[in-house]
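What TrEMBL says about this protein:
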- 21-40: compositional bias 'Low complexity' (COMPBIAS)
- 1-40: region 'Disordered' (REGION)
- 131-155: transmembrane segment (TRANSMEM)
- 162-182: transmembrane segment (TRANSMEM)
- 188-207: transmembrane segment (TRANSMEM)
- 219-238: transmembrane segment (TRANSMEM)
- 244-266: transmembrane segment (TRANSMEM)
- 278-300: transmembrane segment (TRANSMEM)
- 312-332: transmembrane segment (TRANSMEM)
- 344-362: transmembrane segment (TRANSMEM)
Amino acid sequence: MSPSPSPSPCIRLPLRPAPLPRARAPTSAAAAGSSVAPSPSPRAALLLKPLAAAPYRRQPALLLHQQRRHGPPAIAATATFKPVLKDPKKYQEWDSVTAKFAGAANVPFLLLQLPQIVLNARNLLAGNKTALFAVPWLGMLTGLLGNLSLLSYFAKKKETEAAIVQTLGVISTYAVLVQLAMAESMPVPQFVATSVVVAAGLILNFLNYLGWLPGTLWLLWEDFITVGGLAVLPQVMWSTFVPFIPNSVLPGIISGSLALTAVTMARMGKLSDAGTKFVGSLSGWTATLLFMWMPVAQMWTNYLNPSNIKGLSAFSMLLAMLGNGLMIPRAVFIRDLMWFTGSIWASVLQGWGNLVCMYWYVSLSCDSPCFHGFILYSSCKMVNPLNCLIQLQ
């Protein structure tokens, strides 16, 4: 009778729930936003997975909010955004070099709209308001909203250089829109609504970057730019070709309604985890598409009204091409596909495309300094990002 008690603890010992409270403590700490949390063993993770799935399934909005506020875990962030190099010194070197390139982009973007602003001011003082119609306010509006949304994206990622670039883009583009409103090229109601959104966006992004903004308010702002961006993008794309297609607001209404429904379902927990992540990434890609549509609208306006192309500043196009080109190495280094796509697109179309249009319509001569800068930059632009990509392989 005596041997019977000894085997029972040996059999029941692996089935005791003693490890579960110790394994659940780091999980709750991680869900609360702790930056350092010990990882449980594989066996404990398998045991905890069905227990942790039930309560967190009811709060996808909270999880999404925490992911947006604190970012992915350290391991996931390293695997996604940081390249793996055998030589740490080479990694630090490329990290410093690409950050300096992104910081240097502040100079051309600071001066980007200055030639256009000066040219518009001269035309306004001369009473030549027609020349300002060469600058499409829809294209400038899409670029402004794209800069504002990308400002939120980079401020959340703590990419200081890129956030400063987007801030300068918002301010300079808004100055051009003020001149277009003075020339009656941009309707007053759209200008007033744009002014309110720009002021609110700059204040909220500044407070969030400093950590002074409540998380709930920032979440509402991200939902707003998601719904607003998805509503504005199809409407602007449709309105660009209005002379050839009927004028309608249905694209914006339909797209905005679908975006509002998707965001509401994500906040109520009606979507899967993959669907919630997809909705959370829409704001960044919508901002990129808004930014990418700006040169397309400009080139379409050049095609429709080639006589007004003299109202454009070639120096502004060259600065846009230079600024976006300087951002490409940093986007390649951190493996940010969205940033890379927007920079390449803007550098090719907003820079090369518009300068080629100006040269084609004899608005830019071969003896112009901008043309020489265009040729020099075209021969050197792809060297740095390709070299960075090769070194990181």
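Each residue, glycine too, has its Cβ placed from N, Cα and C.
Touching of the transmembrane segment (219-238) and the transmembrane segment (131-155) is concluded from the presence of at least three CB pairs under 8 A, sequence neighbours closer than 6 excluded. Remote same-chain partners of the transmembrane segment (162-182), defined as residues 6 or more beyond its termini with a Cβ less than 8 Å from a stretch Cβ, comprise 102, 105-106, 109-110, 112-114, 116-117, 120-121, 124, 132, 135, 137, 140-141, 143-144, 147-148, 150-151, 154-155, 188, 191, 194-195, 198, 201-202, 205, 209, 323, 327, 330, 339.
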